[in-house]
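One structure is given below, encoded as structure tokens.
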Amino acid sequence: KVIRSDQLTPTQTNTATDYAYIDSYGTYGQGGQDGYGYQTDYPPQEEDAASDATEGHDEEDQMYEGEYQGIPHPDEVKAARRAARAKARTVADAVSEQEELAEQYEDIMEDCGHGKFQWTLFVVLGLALMADSVECFVVALVLPSAEKDMCLSHAEKGMLGLIVFLGMMFGAFIWGGLADKVGRRKCLIIVLAMNCISAFFSSFAQGYGFFLFFRLFSGIGIGGSVPIVYSYFSEFLQMNKRGEHLSWLCMFWMMGGIYASFTAWGIIPRYGWGFSMGTEFQFHSWRVFVLVCALPAIAAFVGLIFMPESPRFLLENAKHDEAWMILKQVHDTNWRAKGEPERVFTVTHIKIPKTQEDEFIEIQTATGTAFQRWVVRTLTLTKLVNHKANTTLLMAIIWFTMAFSFYGLSVWFPDMIKHLQHEEYESKLKVFHREKVEQFHFNFSLENQVHKEGEYINDKFIDIEMKSVKFEDSLFVDCFFENIRSTETIFENCTIRSTVFYDTDLYEEKFIDCTFENVTFLHNKKGCHLDYEEENDVLVYLVSFLGSLAVLPGNIISALFMDKIGRIKIIGGSMLISAGCTFFLFLSFSQAAIIAWQCLFCGVSVAAWNGIQVITVELYPASKRATAFGVLNAICKLAAILGSSIFASFVGITKVIPILLSCIALVGGGVLALKLPETREKVLL
């Protein structure tokens, strides 16, 4: 039934203003099995029986204070938006049941408002997104120490850098699909738990194989967080808030990078923060850092325990009662926080349309063989994919080109800085020719030196460090080496006679084409040398920190203008400007210039990332939203693997090819982005 306004008491008039009307398809105010309605049969109140929340207030106190400034009442704005959508439906030739549910759900979310509940969920999901960001940084930050601790070769270091992205690629694909079948909240809790468990075991793993396995397992877990987080949060947002608040959510990715680089700088150089149990078990400070990186995932895991499932997911799975309870919780939480606890959630029923997929499922249930069920499911998915084939292809290309350039340059920037540092270091190389040293005690460190055709007779090398030292065509006779720690030190084509090596890390592989006569090796050091003061340059953490902090302006601008100028212009414009930034890298010949262009590139490209993630959420229906996002995010991680591998291979050879590749990819992706459909003023299907 529909209650007329003259039948309402003053209290009911205030709380039911927006609910007693009928829209173009006649579902509001009438409950029942064919639609959804607002509850109108709550018991009437007497005029003097006001609630405690409204006691002491008269009608003048309730007057909208913006009335005299000509500012429309929020309820009037809400009604105008609904009228516009109703008019659009009447103009359209036909409205699908899926679109009808989307309209209904949008109206309910408008009634629930945007407030305390969404902000609480924003923080919890932001921490999950922060955990994903930290996972992308952690290996790069610990690698300089881990390679020494575990004696890693160049091939092993490269595999360790790529294994996380490989795991995240599979994780995005797997968990995105499961989130549409099992639930957003449940899957997100599982992936965060996987990340926490993997971080714990990988920090204690002593061998390269176990460490690699647990980082892969961690990547598979946390890789599913991005598609789930955006799908989950978007389904609690109304249309006019969606673009802005999804963009604000991206801010946590920046915070993850800052958190990782800041804690790495604060923990890894502190060698004394570890412990050891004999010679077989070493727990150095970089392992402490790996544990600390799990804190955002732990915090998000705890927060999610108190968060409900997405009501839109529940409606897609015909769980109306659970969805209704959660929507009521959202409504009551928001309006109580705004000081209006008297507002009543008046929705009594939400229509659940029967989609074409449901018909396939009914057929699937009736079929008897596994093959027939597989055919039915394949037909269903094929039909859904073909419906958005062109759009999906465009999105896949845009995701790929953006990730290829972004992650490729993210590796290329620090590698180029290291290359410039190495060139500067080599320019200070000291070369000694045919020196003859007899009965001398070397008690000082040797660094960045080459000794050619030297003779060392009855000399002692005790308690010293050798860094980047090369002995070539030299003779050692009756020498004594004790407690030597070396880095990039080799003996090539040398003759060594009657010499003792005691407690050193000068292993056989450091002697190339050498001749040994009566040489003794005693108590060689085990493991690899860790020199935190020298090997872990603060510049590594500084570059990571500045690159993460530089995205702040781009995040703010994209969030403020996402709902004003639209997703397409944000994506296309940002990608084209980013291409311009990469072109100017041709003029970068110093470390400072490369760092500056890195910051500018990161600051501009983040706006494109925000737009891509927002439009991905909005293009696909609720039943396939996380699946589509997961597939596209998996393509993103594949592009990251290819980009980082290709770009890194040209460091020290040429910078023309990486710059041209990134520029071409960004221009192509930016132009294609302009062909995408705009989703700014469309309800979430």
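Start at 1 and count along the chain as shown; that gives each residue its number.
Every residue gets a Cβ built from N, Cα and C, even glycine.
Note that the coordinates shown come from a computational prediction; the quantities given were computed from them, not determined experimentally.
Annotation comment: TrEMBL describes 30-60 as region 'Disordered'.
Counting same-chain residues at least six beyond the ends of the transmembrane segment (119-146), those with a Cβ under 8 angstroms from any Cβ of the stretch are 152, 157, 160-161, 164-165, 168, 188, 192, 195, 211, 215, 218-219, 222-223, 225-226, 228-229, 232-233, 236, 245, 248-257, 259-261, 264, 268, 284-286, 289-290, 293-294, 296-297, 299-300, 303-304, 307, 414, 530, 532, 535-536, 540-541, 544. Look at TrEMBL and you will find 119-146 (among others) tagged as transmembrane segment.
Residues annotated as domain 'Major facilitator superfamily (MFS) profile' in TrEMBL: 121-680. Over the domain 'Major facilitator superfamily (MFS) profile' (121-680), the average per-residue pLDDT in this prediction is 84.
Sequence-distant contacts of the transmembrane segment (158-175) (same chain, at least 6 residues past either end, Cβ-Cβ under 8 Å): 132, 135-136, 138-140, 143, 146, 152, 187, 190-191, 208, 211-212, 215-228, 407, 626, 630-631, 633-634, 636-638, 640-641, 644-645. The feature transmembrane segment is assigned by TrEMBL to 158-175 (among others).
The annotation transmembrane segment is assigned in TrEMBL to 187-205 (among others). Sequence-distant contacts of the transmembrane segment (187-205) (same chain, six or more residues past either end, CB-CB distance under 8 Å): 128, 131, 135, 171, 175, 178-179, 211, 213-215, 217-218, 220-225, 228-229, 232, 283, 287-288, 290-291, 293-294, 297-298, 300-301, 304-305.
As annotated by TrEMBL, transmembrane segment applies to 211-233 (among others).
Listed by sequence, the residues of this chain that lie at least six past the ends of the transmembrane segment (245-268) yet keep a Cβ under 8 A from its Cβ atoms are 114, 118, 122, 125-127, 129-134, 136-138, 141-142, 145, 229-230, 233-234, 237, 285-286, 288-289, 292-293, 296, 532, 536, 538, 541-542, 544-545, 547-549, 551-552, 555, 558-559, 562, 606, 609-610, 613-614, 617. Positions annotated as transmembrane segment by TrEMBL: 245-268 (among others).
Per TrEMBL, the feature transmembrane segment maps to 288-307 (among others).
For 393-413 (among others), the entry in TrEMBL reads transmembrane segment.
Per TrEMBL, transmembrane segment is recorded for 539-561 (among others). Within the chain carrying the transmembrane segment (539-561), a Cβ under 8 angstroms from the stretch's Cβ atoms is held by residues 137, 140-141, 144, 244-245, 247-248, 250-251, 253-254, 256-258, 260-262, 264-265, 410, 413-414, 417, 421, 570, 574, 591, 595, 598-600, 602-607, 610-611, all 6 or more beyond its ends.
The transmembrane segment feature in TrEMBL is assigned to 568-589 (among others).
Residues annotated as transmembrane segment in TrEMBL: 595-617 (among others).
Marked as transmembrane segment by TrEMBL: 629-650 (among others).
What TrEMBL lists as transmembrane segment is 656-674 (among others).
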Take a look at 288-307, 393-413, 568-589, 595-617 and tell me which one has the most Cβ pairs under 8 Å to the transmembrane segment (656-674).
568-589
In the same chain, who gets a Cβ under 8 Å from the transmembrane segment (595-617) while lying at least 6 residues past its ends?
226, 230-231, 234, 242-243, 246-247, 250, 254, 395, 398-399, 402, 405-406, 409, 413, 417, 543, 546-555, 557-559, 562, 567-568, 570-571, 573-575, 577-578, 581-582, 584-585, 588, 625, 628-629, 632, 670, 673, 676, 679, 684
With pairs closer than 6 in sequence left out, are the transmembrane segment (288-307) and the transmembrane segment (393-413) joined by 3 or more CB pairs under 8 Å?
no
Contact between the transmembrane segment (629-650) and the transmembrane segment (211-233) is defined here as three or more C-beta pairs under 8 Å separated by at least 6 residues; is that satisfied?
yes
Below 8 angstroms Cβ to Cβ, which residues of this chain, lying six or more residues outside the transmembrane segment (568-589), approach it?
398, 401-402, 405, 409, 554, 558, 561-562, 597, 600-601, 604-608, 610-612, 615, 655-656, 659, 662-663, 666-667, 669-671, 673-674, 676, 678
